Amino acid sequence: MGNYSNPYHIYTCAHLPLFLRLSLTLSIYLSNGGGGRRYEEELPTVDVFVCTADPKIEPPALVMNTVLSLSVYLSDDGGSELTFYALLQAAGFAREWIPFCRRFQVEPRSPAAYFRKLYKEMEENIRTVTELGRIPEDISGEHKGFLEWLPGTTSRDHQSIVQILIDGREPDAVDVDGRPLPTLVYVAREKRPHRHHNFKAGAMNSLIRVSSEISGGRMILNVDCDMYSNDSQSVRDAMCFFMDEGKFENVTKNDLYGSSLTIITEMFLCDDGVGFGGGFHGLDGVGGPLYTGSGCFHRRWSLMGNKRSLKEISALALERRAKVLADCTFEDNTQWGNEERMIRAGRSQVRVPGGGRDNRAVDSVQGLEVRLLQPHAGAFLGIAPMTLSQTILQHKRWSEGDFQILLSPSPPSSTMGYSIYCLWAPNSIPTICYSLIPSLSLLGRTALYPRLNMILFRQVSSLWFLPFAYVAVAAAGYGLWEALRCGMTARGWWNERRMWLYKRFTSYLFGFLDTLILKAGFRSSTFVITEKVTGEDVAGRFEREEMEFGASSPSPSLTILATLAMVNLFCLAAAVWRMAAAEATAAFIGDFFFQLLICGLLVAINGPVYRAMFFRKDGGRMAASVTVTSTAAAAALVCLAAALMASPRGFI
């Protein structure tokens, strides 16, 4: 294993907070020894990859609060000197922070909570430079790395940049206690406008090659730039298992936007008091759980074999050699362009193990085996979306990538096991139909479901009502039981059901349409980053669990949500009016019970939409243009449906 006291190497792709808390976690875990555990000295070295792409959407100050835990390679896909400056600041802070955590066994490793003065000073330096938008001349002379940013450099057009900020091999690379620091490397792979860069997969490929030249850790851990280490022992534990689904630290009590995916990842079967992950653990037998782009350990040999040079040369020479490996043309006419690579499907952060060459991420020649390790404390915690628009954007990207995997030339052999994810996008169509047709049918005279057995009203009914009633009650009851067993609240379950619907109305619908357009050749792939920073007003409403509709940022997604909500409200109002006007009210309820139930539930679940449209006055309300447009569109649709149903040849 080499120098056991310095087994981590951090490669950052441009997100700093993660470096601060991450680099710290691993280095402390090693220096603590392990209390005499067997085979402790045989543990493999670990290279940690952290990826970021935009210093405005993913601010460097955020990243720095996360990265002080491991030896890290930071990949900056935006090629920003602001991120490089922030990482340089973090490297200096680590010399004080790492020994402090080692000495006092700090958990979780959040420097803001303990080194308030020193951390605030560093954070203020980073924020000042970030707001300025450039590096002042007096600062640019502090490190040779700033010379790499040539005139005309942009986020989409720049040379490859590799800078070793902390060389763990050097005698002077020590903290204030004299112990070795983990290696810290800044990597910005070359990007040119005429070259497709394969998004995060391309960044990971570059990190794999660069790290093999500098440190060559036997294990690779990649994490998102907005995450931090919540358990310093998790890396040691993960040497037996290689998957840990990312969790979030800022989820509200009732999980307002359903971000935690609790039921999928933590479904408990507790007859013996032991929890098992129902969604992800159940995939162990069919190739393993999904690689969700973060919190995953890989064996290096499974990605590129044992091709490591690791010659004893200077850091400057290593930087020169590694820069070639980060060039955008390196993969041309090589095995990296065909076999030894990480390829993601489109814009998703999800990858199915065991698939064909076109969609595999970490597949060896024999095929990848994945296992899930999900500690109760959560090994790495990230930042969940704090607005509805952010949530919609994130799930659009996920669903689109999953659907592209399903449609790829070489889909995974165990497609059935992953179909629940791969079919997220096309599932939007039947969901929208099911949310419209039963409600619109209330305007007509034809019932879609069997009659309710209304004994109190002495009506003769169909026994076929019972199976429909059983399915509805059993599905809702079992879903609520799952949520409660996973530690969710009843209101949290209701919020999750609401977001289940909203994502299918918007995220999955646009993911489905974009994939079809992409496959038809009418557009090329793009990648949109989920914003990691919000204002104080937005954060306050998030803590109060008030949905953020963004009065200043109307979007097609919000227009669709508001239109569907208004359609159901108009239909329910029309049904109530028909019941009040009809002589046989009981007969009407018996005939249209299920339609009334579905429409009523949809109106209830859309309560936040109605409040945002008509009652809220704060910055999180629905934009006036969206309210007007959606109300007019819904009224037109309802009038058209009523006219068609009233005609002798009506469709219902």
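Easy rule for this one: first residue shown is 1, then count along the chain.
In case you wondered, yes, glycine gets a Cβ from its N, Cα and C as well.
Values in this document were obtained by computation on a predicted structure and should not be read as measured data.
Checking TrEMBL for transmembrane segment across the ranges 435-456, 501-522 points to 501-522. A simple way to gauge crowding: the CB of D77 (UDP-alpha-D-glucose binding site) has 26 other CB atoms within 10 angstroms, across all the protein chains here. Here the Cα atom of D77 (UDP-alpha-D-glucose binding site) is found 8 Å from that of K200 (Mn(2+) binding site).
The stretch from 463-481, 501-522, 592-610, 622-646 that makes the most Cβ contacts under 8 Å with the transmembrane segment (558-580) is 622-646. Note on the transmembrane segment (501-522): residues 258, 346, 388, 391-400, 403-404, 407, 424-429, 431-432, 435, 556-557, 560-561, 564, 602, 605 of its chain, located 6 or more positions outside it, place their CB under 8 angstroms from a CB of the stretch. Away from its own ends, the transmembrane segment (622-646) comes close to residues 440-441, 443-445, 549-554, 558-559, 562-567, 569-571, 574, 609, 612-614, 616, 652 of its chain (Cβ-Cβ under 8 Å, at least six residues beyond either end).
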